[in-house]
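One structure below.
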Amino acid sequence: MRAGAAGIRAAIIDLDGTMLDTVPDFEAALNGMRADLGLGPITQDTIKPLVGKGSEKLVRDALLLDWDAARVDAVFDEALDGYQRHYLAINGDRSTLFPGVLEGLAALKAHGLRLACVTNKPMAFTTPLLAQKGLAPWFELVYGGDSFPKKKPDPMPLLGVCTAFDLPPSQVVAIGDSSNDAEAARAAGCHVLTVPYGYNHGRPIQEINSDGIVDSLLEAAKLISVHNTTAT
Ligand SMILES: O=C(O)COP(=O)(O)O
Ligand SMILES: [Mg+2]
């Protein structure tokens, strides 16, 4: 993170690919939706690079693997309904926390940071999932992909957090697994740290313009603490 900058007072943490490995849930919901439309199952390796741009894009991309755009358009509303139904039925059943997440959240809080979760997942999926995985109590604020007119990589949800916390973006860090998170953070003027174990649209994490790659949220907390002790 930029040396000499002001201390960091809040962290905005991404959900899919950063706190939770949700690909097994996506696999179940997408394949349920595809089966309803007469399509065969797709694998987690196929799904992983498609995650992170919200449900609509995911459903569309999961159908474009087999059908052309016109055919996808024709069934899209039905497909999205089916996907949402399947997802809500299994939400969280197969998802697991990445290592260091709960320890990292505890450390960030112990360092005095305020915490927000900003995901492109719709709120109807996000709220029960955070509760089920014991993540909800850590967050003062949660925004989903449908909380604002625009989602990440647009800076709008991150700026929404800065406004709600009454903090300048220069005192806020975003932590995520993808270029989506980094682009949103850069556009908002927030710091950004990336984790290498997530999805990043199938691209190497090193390609992302960030302030650092951290192996876990716990390592992010340590880095932020060091930054804050040297901040002006
Ligand atoms: O696109 C999604 O559904 C979620 O993605 P995110 O939690 O990584 O923002
Ligand atoms: Mg993510």
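Backbone N, Cα and C define each Cβ position, glycine as well.
The active site, nucleophile feature in TrEMBL is assigned to Asp14. Sequence annotations record features per position, and here TrEMBL assigns Mg(2+) binding site to Asp14, Asp16, Asp177.
Locations of recorded TrEMBL features on the structure.
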residue : record                   : CB count, 10 Å
Asp14   : active site, nucleophile : 26
Asp16   : Mg(2+) binding site      : 25
Asp177  : Mg(2+) binding site      : 26
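On the backbone, the CA of the residue listed as 'active site, nucleophile' and the CA of Asp177 (Mg(2+) binding site) stand 7 Å apart. Following the DSSP three-state reduction, the secondary structure of the residue listed as 'active site, nucleophile' is coil.
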